[in-house]
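Student: Supplied in structure tokens, the structure appears directly below.
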Amino acid sequence: MGLLFDYSLFVLILLLAIWIIAVRDTFSAAIGFAIYGLLLALVWVRLDAIDAALTEAAIGGGLSGILLIGAAMRLRPTEAPLRAEWPNRITRGAAALLSIVVTAGLVFVVLTLPETGPTLVPYVAENMASTGLGNPVTAVLLAFRSTDTLLEAIVLVLALIAVWSLTPDQYWGGKPGIAIQNEPNGILTYLARLLPPIGIVIAVYILWVGADLPGGKFQAGTLLAAMALLLVMAGLIDLPAVSRRSLRISLVFGTVVFLVIGFAGLPLAEAFLAYPEHIAKPLIIAIELASMISIAVTLALLVIGIPKRSDSE
């Protein structure tokens, strides 16, 4: 039964990918891409990579889908002229040939991989006890390669700064997105009142269990960002101006806590981002909590986009 499900999932993903490439309507392709991300999350579940599945569902099927759908809606007024410029047969043939060559190369590489490749799993298992964690993924991200994770947090904030740099001069420092007014008794408003409390509880749970089970700051932060976006789209809350000090503090809060604990490791554990063994787990959870807040705020603002209103609107 499991094998039948796996083959069915493979065929469904393959057909969906072909449809996304072939369909000429950008909005339909964006919807298909969001569904594609959710199906890939199922693949990760079947591979017992629950952490990857949670991330794929949240990013690939969630926030990325929202971004693509929003972009497709903005492109609709200009889509008709672009459809008329259909590539000639030579261009389409060259693109198809290139795709076949790349696919064949990837298949060859995957099929020729050694059954037992180089791995650091024994090293991680041997040193897990020093972190106080039960989840090897969290141990790797926050202990054994914590510098990479710190840089990823910084890059996320830099990505938001890059988006904000596109803001027109007259709106700089204003509120992101547009003012939204929805039907007070509509279904979106109802969902926006019902789901966020549940989502917040689940996000906190995912963060807490991430120390010992699949979960963690990124999945929890993405869920909080989704709940915030739901409230914004329902018109129940309005995002603060990007010049607001509290907003900017929340953006860098996770990185600052990460750096403070990292530098504290110099006198306490004789290395940057090293943790004293007896308090390693509390310090890692503190980093996770602070990072969850910053990730949630950053992702929500990335999806909302550039400021389009003055602070007074």
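We number each residue from 1, going along the chain as drawn.
Keep in mind that glycine also has a Cβ here, set from the backbone N, Cα and C atoms.
Just lifted these from TrEMBL, have a look:
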TRANSMEM  6-23  transmembrane segment
DOMAIN    11-76  domain 'MrpA C-terminal/MbhD'
TRANSMEM  30-47  transmembrane segment
TRANSMEM  53-73  transmembrane segment
TRANSMEM  94-113  transmembrane segment
TRANSMEM  149-166  transmembrane segment
TRANSMEM  187-208  transmembrane segment
DOMAIN    187-305  domain 'Na+/H+ antiporter MnhB subunit-related protein'
TRANSMEM  220-239  transmembrane segment
TRANSMEM  251-273  transmembrane segment
TRANSMEM  279-304  transmembrane segment
Student: So what's near the transmembrane segment (53-73) in sequence-distant terms, Cβ-Cβ under 8 Å and 6+ beyond its ends?
Tutor: 26-27, 29-31, 33-38, 40-42, 44-45, 206, 214-215, 218-219, 222-223, 225-226, 229, 299, 302-303, 305
Student: Residues sitting near the transmembrane segment (30-47): Cβ under 8 Å, six or more positions beyond its termini, same chain?
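Tutor: Contacts of the transmembrane segment (30-47) (Cβ under 8 Å, skipping residues fewer than 6 from its ends): 2, 5-6, 9, 12-13, 16-17, 19-20, 23, 53-54, 56-57, 59-62, 64-66, 68-69, 71-72.
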Student: Who are the long-range neighbours of the transmembrane segment (187-208) in its own chain, taking Cβ under 8 Å and residues 6 or more past its ends?
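Tutor: Counting only partners 6 or more residues beyond its ends, the transmembrane segment (187-208) has Cβ contacts under 8 Å with 54, 215-217, 219-221, 223-224, 226-228, 230-231, 233-236, 285, 288-289, 292, 296.
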Student: Counting only residues 6 or more past its boundaries, what in the same chain has a CB within less than 8 Å of a CB in the transmembrane segment (149-166)?
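Tutor: Answer is 141-142, 242, 251-252, 254-255, 258-259, 262, 273, 291, 294-295, 298-299, 301-302, 305-307.
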Student: Kindly report the helix/strand/coil residue split of the domain 'Na+/H+ antiporter MnhB subunit-related protein' (187-305) according to DSSP, in that order.
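Tutor: Counts, helix then strand then coil: 93 helix, 0 strand, 26 coil.
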Student: Is the transmembrane segment (279-304) in contact with the transmembrane segment (251-273), using at least 3 Cβ pairs under 8 Å (sequence separation of 6 or more) as the test?
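Tutor: Since 3 or more Cβ pairs under 8 Å link them, the transmembrane segment (251-273) and the transmembrane segment (279-304) do come into contact.
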